[in-house]
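Engineer: Have a look at this one.
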Amino acid sequence: MNTKIFVIISLAVVSTAGMLYADSCTPDCTGKNDGEKVPDPKNCTNYYFCKDEIPSDHALPCDAGMIFDNGDCAPGPACTPICEVTVCPITCNGSYSMISDPFDCSKYYICTAGQVNGPLTCPDDKPYFNGENCVKDKEVCCAVSCTPYCGPGIVEAPDPVDCTKYYMCLEVGIPNEDYHFPCSSGEVFDFQTGRCSSDASCITLCTGSTSNVKSTTTTTTTKTTTTTTSFDCANSLICTGEGFFPQCHFSCQPGYFECTGAGAQGIYHECTGDLVFNTDPLYAYCVLPGNCPFHPSK
Ligand SMILES: *[C@@H]1O[C@H](CO)[C@@H](O)[C@H](O)[C@H]1NC(C)=O
Ligand SMILES: *[C@@H]1O[C@H](CO)[C@@H](O)[C@H](O)[C@H]1NC(C)=O
């Protein structure tokens, strides 16, 4: 594949579906005088001091029984923090879980044991991925929070601002700074598999901006041209497009080809374990043999 051309094309396409927003989880001293206090968005019993419109390095706690309200600590009942982290499933938390593409709401990935398959593209009539399905409603599109978050079943969560670090997850929620670790030297954290890796690319999930993010958007979902061949399984494949294609058109077998783009030589893989590759190109990934052939409902 000609990487240079691919990169240029990718950068030229501005994704309309994938957007990232700065979130409400960082203390904000904008327009505040020196010494003024602002709420700790993550903990409503704490506050920050402002100096030169910059919050103090650490949050300070109100006295016991007090909450931070309206610019100062005051006696108050239990309170909820301002910061709401959008939980955007982008890290695999088990086989057969699906993850969103943080930069393109029309794309998603399927996690199988130790492997991330995709991207798969939602169909035109249901263009947005909601974490489980492709749907019509654009509201489901999620923006990755700039605050780290441990979703259910996640063992290591990405650091949204530093691709060389991660958080160990002991419970669901915003992880503690004590569990913030660097990957080994030369490795970056693969936010999809949830592990440090020497071949992952460094992707900063938090852009801290409200503008559209440039992303790698491919324009077509290609259907494999199942020309009337008398044979079932191919030994090699010249790709008709980007994605994953079954080795066998009619029988459910473990083999499949990974394609980086039209004209490329397909790279042969086999599904892990007992899994077989589904023969319906509309649902191009490894499935349990009992579920094959699987035809997605339209
Ligand atoms: C909020 O901060 C206080 C004091 O720093 C701490 O005791 C409490 O556990 C924190 N609450 C949460 C929900 O993190
Ligand atoms: C994986 O994540 C999804 C969505 O966040 C959640 O519904 C599911 O329970 C998680 N799985 C496990 C094993 O925790």
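One-based numbering along the chain as shown.
Quick reminder: no glycine exception, Cβ is built from N, Cα and C everywhere.
Got these off TrEMBL a minute ago, pasting:
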- 26-81: domain 'Chitin-binding type-2' (DOMAIN)
- 89-144: domain 'Chitin-binding type-2' (DOMAIN)
- 147-204: domain 'Chitin-binding type-2' (DOMAIN)
- 1-22: signal peptide (SIGNAL)
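Buried or exposed, and what's around them? Tell me for each listed feature.
Structural biologist: Mean pLDDT of the predicted structure over the domain 'Chitin-binding type-2' (147-204): 93.
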Engineer: For the domain 'Chitin-binding type-2' (89-144), jot down how many residues DSSP puts in helix, in strand and in coil.
Structural biologist: 3 helix, 20 strand, 33 coil
Engineer: DSSP helix, strand and coil counts for the domain 'Chitin-binding type-2' (26-81)?
Structural biologist: 0 helix, 21 strand, 35 coil
Engineer: DSSP helix, strand and coil counts for the domain 'Chitin-binding type-2' (147-204)?
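Structural biologist: Counts, helix then strand then coil: 3 helix, 18 strand, 37 coil.
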